[in-house]
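Per Swiss-Prot, CoA binding site is recorded for R191, G192, G193, R194, T311, N335, S523, R584. What Swiss-Prot records for G387, E388, P389, D411, T412, W413, W414, Q415, T416, D500, R515, R526 is ATP binding site. The Mg(2+) binding site annotation in Swiss-Prot covers V537, H539, V542 and rests on sequence analysis. Under the heading N6-acetyllysine, Swiss-Prot lists K609, citing sequence analysis as support.
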Amino acid sequence: MSSQSLYKVSGNIAANALVNNDKYKTMYQESIVNPEGFWREHGKRIDWIKPYTKIKKTSFDDHNLSINWFYDGTLNASANCLDRHLAEHSDRVAIIWEGDNASEQRKITYGELHAEVCKFANALRSQGVRRGDIVTIYMPMVPEAAVAMLACARIGAVHSVVFGGFSPDSIASRVIDGKSKVIITSDEGMRGGRAIPLKRNIDDALKNPDVTTVEKVIVLKRTGGIVDWVEDRDVWWHSLMETASEYCQPEEMDAEAPLFLLYTSGSTGNPKGVLHTTGGYMVYASMTHEYVFDYKAGEVYWCTADVGWITGHSYMVYGPLANGATVLIHEGVPNHPSPARLGEMIDRHKVSILYTAPTLIRALMAEGKQHFDKFDGSSLRIMGSVGEPINPEAWRWYHEVIGHEHCPIVDTWWQTETGGILITPLPGATDTKPGSATRPFFGVQPALVDNMGNILEGENEGNLVLLDSWPGQMRTVYGDHERFVLTYFKTFRGMYFTGDGARRDEDGYYWITGRVDDVINVSGHRLGTAEVESALVSHELVAEAAVVGYPHDIKGQGIYAYVTLTRGTEETEELRQELRQWVRKEIGALATPDLIQWATGLPKTRSGKIMRRFLRKIAANEVTNLGDASTLADPAVIETLIESRLNRTE
């Protein structure tokens with residue numbers, strides 16, 4: 001890596017940061033050599049009802065898997081985000097909210113948020129929610145989404161937040177798997193000037209005959225839009241809040257008690273319920289938020305992620321609020337009604353720290369930097385990137401146009417499963433290289449292995465694994481521990497397999513190269529190819545489908561589908577559009593195929609396995625060096641697919 005591509009930490013930033021390079025090296029070394037001692041100390045950053053004495057009981061042996069942190073302590077996550085700030089910071093603003101329409105704005109102090117959470121926790125109890133129950137949350141980006149999450153945590157209920165862009169079928173599958181008794185939703189949400197029919201989607205999901213556990217649907221009135229109503233099942237949020245008491249004693253929870261479920265795409269097609277527990281997760285979310293973003297008290301912090309994703313959980317709700325931060329929540333998209341919106345909001349709310357995704361940066365880049373001519377940006381101090389590897393061009397644009405060349409960029413790598421950031425620069429410690437996630441956070445031991453599981457030393461490329469546990473790690477796949485072991489610990493014995501490939505350069509910096517399994521990263525969100533294939537094949541005119549990712553200028557990866565139609569079906573543009581809408585309805589807008597190529601046949605081995613590496617290369621327009629096709633049952637299929645490919649650049 002040439003020195004011109006190295007962005008040095010400025011002396012001023014290093015002098016004022018929580019951690020400089022020397023301190024990073026000392027702390028990191030201690031966290032690896034003496035993890036018990038390191039986490040014994042740093043676990044104290046949150047409040048415990050019963051202090052822990054036991055720190056770490058972990059093993060990645062697939063026959064004796066164990067992940068336990070602070071496991072004899074007790075605490076409450078909601079109390080850590082609210083109650084502990086009341087004595088000194090009750091009047092500090094916890095949430096600044098800006099609606100899809102900028103004229104709608106609210107500020108909520110820690111004292112006010114505490115009262116709202118207590119009231120809603122009591123409201124949940126009035127609807128029969130008890131400790132250990134799973135509550136599904138399908139909400140727009142409004143403060144009440146955070147209130148609902150924290151209220152669940154307060155009474156020991158387990159929340160399962162479903163992204164507001166998911167379809168009724170996707171909601172139903174998650175409700176069925178989690179056996180939810182109560183769903184919290186809104187009449188509608190607002191996004192990009194459009195009303196999103198959240199309540200209608202819930203109604204449709206609950207028509208699924210396999211949904212049998214739901215007793216109550218609590219509905220927030222957001223837009224006042226007309227909704228259908230089911231008596232004895234549906235209840236208005238505001239009606240419950242009118243009579244609810246303003247104090248609710250937080251439940252004392254074991255450190256290893258479940259805090260939330262969050263469903264993520266897997267390569268098998270069935271979304272898997274990632275289970276996070278309370279103690280280790282809260283320690284890790286709060287610590288990474290403070291150190292990675294170099295957070296200082298009183299700063300306004302804006303994470304643009306939706307609450308339905310892990311980034312929204314860890315870095316919009318639990319991490320920042322545990323640290324007493326002022327969090328900006330935006331209901332809409334930061335490039336509506338114009339690309340200038342992002343800059344306007346940073347200036348309007350004096351944002352110090354911005355955490356966003358490469359897909360938004362690329363979208364703004366495509367619109368042109370003239371939209372930032374009036375952008376001041378002087379409040380901005382730190383910028384982050386999350387969701388997928390950021391390409392160097394987008395990194396530089398972000399640095400120059402949004403950061404005015406003075407804000408460090410923390411390009412963070414982590415996963416739903418990891419609970420928090422694992423590989424990242426620290427603003428005062430790490431010289432950065434555009435496109436590299438750089439170095440591991442404290443306590444994180446990444447390694448590269450070949451396909452046989454042999455550790456690769458030095459400058460190299462391979463499968464990214466982790467050699468030991470960290471407090472924020474998921475504990476299991478809900479209801480399917482065997483799948484958890486199989487997915488993450490069987491591929492490479494004694495190691496956690498991330499599913500990502502990476503290379504390590506001459507400076508020891510990590511560069512994430514993308515998924516090595518059948519998962520596509522669309523706009524920073526993971527989609528299993530099997531999930532999209534299943535949706536396509538469920539259409540009566542589709543005989544077979546194979547889905548791969550391909551390079552997309554805005555989204556990072558687009559969805560490229562190869563579809564074989566039933567015999568005698570005509571290949572028309574109308575049918576292509578019908579299939580796109582079909583997938584959209586089955587899964588959600590995020591899963592809509594960008595390109596659908598008609599295929600008379602797919603490249604298969606004699607045993608019937610589809611050889612996806614050929615399909616990926618054709619979709620990426622890399623057709624000159626496809627490699628050995630001799631194992632295919634019908635090698636001629638490849639030529640036909642190349643001839644009719646849709647992603648040509650010539």
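Our numbering is plain: 1 for the first residue shown, then up by one each step along the chain.
Each Cβ is built from the backbone N, Cα and C atoms, and glycine gets one as well.
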Other CB atoms within 10 A, centred on N335 (CoA binding site): 17
Listed binding-site residues among G192, T311, S523, V537, H539, V542 whose Cα sits within 10 Å of G387 (ATP binding site): T311, S523
Spatial neighbour of R191 (CoA binding site) that is closest, considering only the binding-site residues T412, R515, V537, H539 and their CA atoms: T412
Among R191, G192, G193, R194, T311, N335, S523, R584, the record's CoA binders - longest CA distance, Å: 24
DSSP three-state assignment (helix, strand or coil) for R584 (CoA binding site): helix
Integer Å distance between the CA atoms belonging to V537 (Mg(2+) binding site) and N335 (CoA binding site): 35
T416 (ATP binding site) and G193 (CoA binding site), distance between Cα atoms, whole Å: 29
Candidate nearest V542 (Mg(2+) binding site) in space, where candidates are the binding-site residues P389, T412, W414 and distance is Cα-Cα: P389
Binding-site residues clustered about T311 (CoA binding site) [Cα within 10 Å; pool: P389, T416, V537, H539]: T416
Among R194, P389, T412, T416, which are recorded as binding-site residues, the nearest neighbour of V537 (Mg(2+) binding site) by Cα: T416
Distance, T412 (ATP binding site) to R584 (CoA binding site) (CA atoms, angstrom): 30
Rounded Cα separation (Å) that holds between R515 (ATP binding site) and G192 (CoA binding site): 30
Distance in Å spanning the most remote Cα pair of G387, E388, P389, D411, T412, W413, W414, Q415, T416, D500, R515, R526, given for ATP: 18
P389 (ATP binding site) to H539 (Mg(2+) binding site) - Cα separation in whole Å: 34
Residues satisfying Cβ distance under 8 Å from H539 (Mg(2+) binding site), sequence separation of at least 6: E578, L579, W582
Which of R191, R194, R515, R584, all binding-site residues, has a Cβ with the fewest other Cβ atoms inside 10 Å: R194
Long-range Cβ environment of G192 (CoA binding site), under 8 Å and at least 6 residues apart: D100, G332, V333, H336
